[in-house]
Structure formats: C-alpha cells, structure tokens
Amino acid sequence: MRPRTTNGIVRPRTLQSSVLRGLLFLVLGLFCLYYLIPLIVMISTSLKSLTEIREGTLISLPREITFDAWSKAWESACVGVRCDGLKPFMWNSIAMAVPAVLLSTTLGAINGYALTKWRFPGANWIFALILFGAFIPFQVVLLPMARTLGQLGLAGTVPGLILVHTVYGLAFTTLFFRNFFIGVSDGIVKAAQIDGAGFFGIFFKIVLPMSIPAIVVTVIWQFTQIWNDFLFGVAFTIGDSNPVTVALNNVVNTSTGVKEYNVDMAAAIIAALPTMLVYVVAGAYFVRGLSAGSMKG
Amino acid sequence: MAAGIELKNVQKSFGNTEVIKGIDLNIEPGEFVVLVGPSGCGKSTLLNLISGLETLSGGDVTIGGKVVNNTPPRDRDIAMVFQSYALYPTKTVRDNITFGMQARRVPKAEQDAAVAAFSGLLQIDHLLDRKPGQLSGGQRQRVAMGRALVRDPDVFLFDEPLSNLDAKLRIDMRTEIKKLHLRLGKTVVYVTHDQIEAMTLASRIAVMDEGRIRQYGPPEEIYENPVDLFVAGFMGSPPMNMLPGRLLRTGDEVFVETGDDEARVRFPLPDAIANRIEVGNGHEVVLGLRPEAIFAAGTELPGADRFIFERPVEVVEPTGPDTMIVFGIGSVELIARVRPEDARDPGTPFSFEVDMSKAKLFDQSSGRSL
C-alpha cells in the first residue's frame, strides 16, 4: 500500500469501499429504472398491437413491433367527432405556443431591463405588483379572462389563447429577466448611453446579446408551461381551435368503442415530444451560452 | 477642440438626501481637473452630472459655452471611462471601440481609420478581434480608453479609471494618461480617491467633502497652503501631523505650546506666520507639520526657522527610500520622515529637527487655516 500522503482525501481502495461503491451504483440504478419505467411502458405499449396488449402483461416488451398506433394517433384517431388524429391540434398548439413564448419572453426582457437599468420612481412597486401576478393561480383568472376575451372578440380562438398565455406568463418572464439584469453592471448601460445609443438601441445591441442564458431559461420555462397547459386551453377554445393537450384528453377519455391503449400511449408521447425537443436543443445551448459568456466585471 | 466647463451652484438630491450642495467650478479648456475626496463625498455624482447620466436638481452646467442642463449625454460631446471599464462583453474589442461611432452612423472607412490610429497608440492592435473576457485588467483599461479616445470628444471624463488595477500597472497607466493629455490637449475631468493620482495628474485639484468643494487650486497650492484641516489631512501620505496646542506670545516671539504636563514642546513660529496671525495669547490652534518637515537633527543643510527637540522613538517603519519614525508628544502621535541611515531603535531618545517655515497653523474650533 502507498503511503498516505494525501491526508485522507484520496483513500486506498479496500474491499469495504468497493462493496459500498457497488451498493451506491445499485441504488442509483434502481432509481433510474423507477423513473424510466413509465416511459418504457408507454413506448413499448405504443408499439404493440391491440391483441398483444390484451394477451400480454403491462411490462412485457412487444413481440412484433408495429407503428400502426402512432400513425393512427397522428392522423386518424377520433377527437370528438372529428377523426383526423392529433395532427391539426399539434398545429394549433404550435401556432399558440410559439408566438406566446416569443411575446412573453420579449416583453419580459424589456420589463426586466427597464426595471433595473432605467430606474424610475415607483419601479419597486411596479415590480412587486408584477411579481404578485406569479402567485395568482390559474383558476382565479378564468372568469375575468373569459369576460375580457369576449369583449375583445377573441373568445374561442387561438389568438385569444396567445393573449392569455402572454399576459399570464409576463409575471414569470419579468421576474427571470429582472433577476438576471440586476447582476449586469450599470456601467455598461451608462457607457452605451454616452456612446450615443438610446433605450432600444442599448437593449437590442448590448443587453440582449448578453442575456442568452436568461433567454434560454425563460424560453424553456414558458414553452413547457404554455405547451402543457390544459386549463386555459379547455376553457378558452372550442373544438377545432383546441390545443393538443385538450385533444389528447378527448382521445384518451372517449367513452365510446374499445379502449385503444396503444393509440393513447402514442398520442401522449406525440403531445409531449415538442417540450422534450425544446429542452434538449435549448438545454445544450444553455450550457454553451453559460460558459461562452462568462467574464468578470 | 477642447471645451471649458462651468458649474454654477450645481445641486443634486436623491430623495431627501442632498448629495451635491451647491458647487461652483470653472474648468478652462484643455485643463486636467481632478475631483478628489473620500468615498461618499459626491465626486462621482458630480461627474455624472457633467456627463448628463444624472439629472440636475438645481444650478447650471455649461460645456463649451452652451448650457447643457437638459442635453442628453450623447449630445454633450463627451467621452467617459468607467472604473469597471464597462466594456460590452459580447462585442469584440474592435466593436467595443467603434460602437459609439456606429450609433452615430459614422462612415465605415472613418471608423476603421480611427481604430487604426488609436489602437496603435494604446498598443491594443493585436487584441482587436478578442472579446473583453479574454483580456487582462490592464488591456481592458486600454480598450476602455480607446473607446473614449476614438470619439474625439471635447471633454474626457474619467471615473476612478485606475482603481481596479494592481499597483505597478496603476503607475504606468497614470503616466500614460498624463502623456495622452499632453498630446491631445483635451479638457479632462478625473475622479479619484487617491490623492497621489490627484497630485501627479492634475493641473488643478478640487478637494471635495460632503457635497462641497473645500479647496480648488493647483496641486502645489493644495499641498502647501491647505485652507483647512480637512484638506491638509487628506492630501499627503503619510498624512500631515496635527498637533493641537495653545498660542503663546512672549515678548517678540510667538510659540505654539503642545503636549501635556508630561512632555511639553514649544514650537517657535517663524516671523512669516507670526506677523500674519491676529489671534491672541492662549488661542487654541492646531499646528500642522508634514512628515518631511521633521527629520533627524543636523542631516539637512542648515536653514532659517529650524527648531530642534528630543523625543524617544516609538516605532520605526522603513519604506525603502525613507524611514518613518513614529513618536509622541503628549497624547498625539507624529510621524517624521528620516533617511534610513538615521533611524534608531525604538525606545532610544532621538533629536528631531523641524523646518518651521513649512509649518501650517489652523484654528482649532473652525479648522480653518490661520
């Protein structure tokens, strides 16, 4: 055995430590499995045929892989009376989520920038009030929002839903950006002012390029919230303008015919794919943005 | 073209706190004026009022003969260098330098020419394509200067530009700033809390305290004829020795009696001071003696108005070229600057010689110079 020159920071490997290490990995592996099993069951069920589902068990892997359930969920499953699958509703969701995310993120960034770099009397009060919005539950705004949408003539439309999500998301996006910008040196904004740039010039040319980490966090958060929302979707849209979450519910909770578990599973995965995609793409960029933008002062 | 700056009764309050309490300041074109003072004295705020980054609560700011009270910073024809450098982290050095020109839609060719001219001068030409994050502190400082220089403004404003640099670099950059000023001849307003920077750079120094200017004048005047105890104590390192005492008139001679019953020293005032002062016998005064005015007896060429006294050495602090000897008179500690070879061990009696012609006298209650 080598002498202990490292004062116990690096310890020699013993039988005991090897056993403990093995135990550690076993426990970690079990937790992994615990979290992954629902996904595995969903994927494997979505690849089985209905007969196989009826005959086999829940966790058995598919004997014969078939994508019929996926194509049915995508283009021919019945949502209510309409049997075009999730496809049209996916487009609804994209048409709703993309503008809503962009709008709420942009407005949140401008809010945060104005609240931290262009201090005005009462800025703290305004921020406190905006922050308060983050603690208002969805249910509370349902009725006033329904009235507002009715007045604006946007009831039951995708633009109406965009408005709802933008307004509701502002509290969070403002909070994210305000907390990010508070750490950005005021000197930079002052220097840009003396260099001759105005409020929006400084915002777009100096401040926004610096805030990529905040943008990524906000986009992930907002996209996940808006895409996964069910309550606003079911309350403020009707039939053809439903987002995919509502359509998924209508596919799964149908009270007529045989329960097609494989189609349900495929539909659920399809509905969840975009958020996973955003997380993977933006998440990678997020880490890169963090390390590339790192500098003191 | 260099432009003059004139401040008339300039005031600034944040809420109920008065930060600048009515300042008048006249800066000639091409002058290098240093605003110096302890932190919180309002010197940076005053600079921000000149730049337009803060709005006035009262008074007038005139730059180049034009009142600019309501002119935004971009239209004041000024450039500013910040303490934190305030470089744009996502832009390359080149874009940092040209951002101001881009914002003003200066033609590309003109921008390139300006960058070429000043990047050579500041020795940053090899850094132009890097981001600020990849630069050292000194390089960032140069880029920040370059950003100010390319704009070719009438007035340069510096807000503690050297305080984030290490000691050696600070001295180098100080010299470079002075050279640049001599070369370009632009008006400079420079804020610092470092009195050595103030002394070395300024053509005139404004010593500030609590939102007011205590004294405004050339460095030598500030150092040699401080108007009050604050200015006297702030300028100079180690600081001026301040000995409280009483004025004593005996016959023709005027003394300052200092110390207590245990150790009493009577400093004879030279005629120049004695004839000037009007206060009577027993008046409470403060005698100000700079450390370099106290040295080991007999080590300097003899002169008029010398006074020799003896006190034991308490602490010896070598600095290299000089050695500081700390000793006491009564409850007051004094510092004498002696040659290293004249220093003695603590505890031994030491014969000090004072050049009384360099002595300053202040009124104890008002703090004003007598």
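Glycine is treated like the rest: Cβ placed from N, Cα and C.
Feature annotation from TrEMBL assigns domain 'ABC transmembrane type-1' to A:90-282.
Remote same-chain partners of the transmembrane segment (A:20-43), defined as residues 6 or more beyond its termini with a Cβ less than 8 Å from a stretch Cβ, comprise 58-59, 265, 268-269. The annotation transmembrane segment is assigned in TrEMBL to A:20-43 (among others).
Residues annotated as transmembrane segment in TrEMBL: A:94-113 (among others). Counting only same-chain residues 6+ beyond the ends of the transmembrane segment (A:94-113), those with a CB under 8 A from a CB of the stretch are 130, 158, 161-162, 165-166, 169-170, 172-181, 203, 207-208, 211, 214-215, 218-219, 222-223, 226-227, 243, 274.
Annotation source TrEMBL lists transmembrane segment at A:125-146 (among others).
For the transmembrane segment (A:152-177), the residues of the chain that approach it from at least six positions outside its boundaries are 92, 95-97, 99-101, 103-105, 107-109, 111-113, 115, 127, 130-134, 136, 138, 141, 145-146, 211, 214, 217-218, 221-222, 225-226, 229, 232-233, 236-238, 241, 243, judged by C-beta separation under 8 angstroms. Taken from TrEMBL, the feature transmembrane segment covers A:152-177 (among others).
Annotation comment: TrEMBL describes A:198-223 (among others) as transmembrane segment.
The transmembrane segment annotation in TrEMBL covers A:265-287 (among others).
Here the transmembrane segment (A:125-146) has Cβ contacts under 8 Å with residues 111, 115, 155, 164, 168, 170-172, 174-175, 178, 231-232, 235-236 of the same chain, all six or more residues outside its ends.
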